[in-house]
Amino acid sequence: MRTLWIVAVLLVGVEGSMYELGKMILLETGKNAATSYIAYGCNCGVGRRGQPLDATDRCCYVHKCCYKKLTGCNPLTDRYSHSLKNKTIVCGENKPCLKEMCECDKALAICLGKNVNTYNKNYKITMKMFCKKPDAC
């Protein structure tokens with residue numbers, strides 16, 4: 001299990017907003033982002049795109065579309081701040097792009113939490129070759 005965690009960290013990275021996103025996902029779903037969503041479906045994980053396989057995968061698809069709208073920041077390297085108020089994620093950035101990035105991540109975490117019952121262990125590691133071309137965002 002420890003080896004899997006190390007590999008997941010290397011694949012996902014802990015720099016930039018990925019660390020914050022992982023914390024948000026854990027809060028909303030109770031699941032570890034690196035071990036549960038690294039290669040889930042056709043859209044969860046870096047560099048993955050395809051027709052969503054279920055509601056959980058659709059959350060990741062919408063998140064990628066949200067990231068595509070960002071200008072002036074990089075989700076893999078830039079960091080933002082957020083806090084919790086009454087168990088609610090609050091994005092606390094003054095820079096517009098970082099605030100938008102935080103809002104994208106917050107929306108993903110909330111979506112995954114609302115759809116945690118659709119999580120299908122059979123989609124946990126989906127090969128790209130089984131994913132159909134996605135619709136445009």
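Cβ atoms are placed via backbone N, Cα and C, with glycine included.
Of the cysteines listed (C65, C66, C73, C131), Swiss-Prot assigns C73 as the disulfide partner of C97.
Of the cysteines C42, C59, C60, only one is given by Swiss-Prot as the disulfide partner of C44: C60. The region 'Important for membrane-damaging activities in eukaryotes and bacteria' annotation in Swiss-Prot falls on one of the ranges 82-94, 121-133, namely 121-133. Cα of C131 (disulfide bond) to Cα of C73 (disulfide bond): a span of 28 Å. C73 (disulfide bond) falls within neither a helix nor a strand when secondary structure is assigned with DSSP, and so counts as coil. The highest number of surrounding Cβ atoms within 10 Å, among the disulfide-bonded residues C44, C91, is found at C44. Following the DSSP three-state reduction, the secondary structure of C42 (disulfide bond) is coil.
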